[in-house]
Amino acid sequence: MRTLWIVAVLLVGEGSLIQLWEMIFQEMGKGAAKKYGLYGCNCGMGHRGRPVDATDRCCSVHKCCYKKLTDCDPKTDRYSYSWENGAIVCGGDDPCRKEVCECDKATTICFRDNLDTYDKKYKIYLKFLCKKPEPC
């Protein structure tokens, strides 16, 4: 349980972290979520710089997605989702919560689709090496 909490705190530093972690776990298997906690310039807390690769870009896009949700609080909004025929389906009647879910869904799919770009040298990346971030 402690590991789950640590991963949730490190993963993106905001949002319904447990739900995002669960999505990544369900999509990619045990241990996948902890790979991204401190990855590159944008995974973990903050939006530190230009993405180092496509995997890091997934985190950058996720943070930008959250920033666009001006009438929502992605840091606390819990949402509902399900798995249908192997796909994540965001549900519920609240449009804000559904948008938070869609941001997390897109990130999960992005990680899956860019697994081949994951580079262990960026797993725990020193953020001072990051270049100025791209605007959202």
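Cβ from N, Cα, C; glycine included.
Keep in mind it's a predicted model, so treat the numbers as computed, not measured.
Annotation in Swiss-Prot places CYS96 in a disulphide bond whose other cysteine, of CYS65, CYS72, CYS110, is CYS72. Annotation in Swiss-Prot places CYS103 in a disulphide bond whose other cysteine, of CYS59, CYS64, CYS65, CYS136, is CYS65.
Among the candidates CYS58, CYS59, CYS64, the disulfide partner that Swiss-Prot records for CYS136 is CYS64. Checking the candidates CYS41, CYS58, CYS59 against Swiss-Prot, the cysteine paired with CYS43 through a disulfide bond is CYS59.
Per Swiss-Prot, the residue from CYS41, CYS58 that shares a disulphide bond with CYS110 is CYS58. When other Cβ atoms within 10 Å of the Cβ of CYS64 (disulfide bond) are tallied across all protein chains shown, the result is 16.
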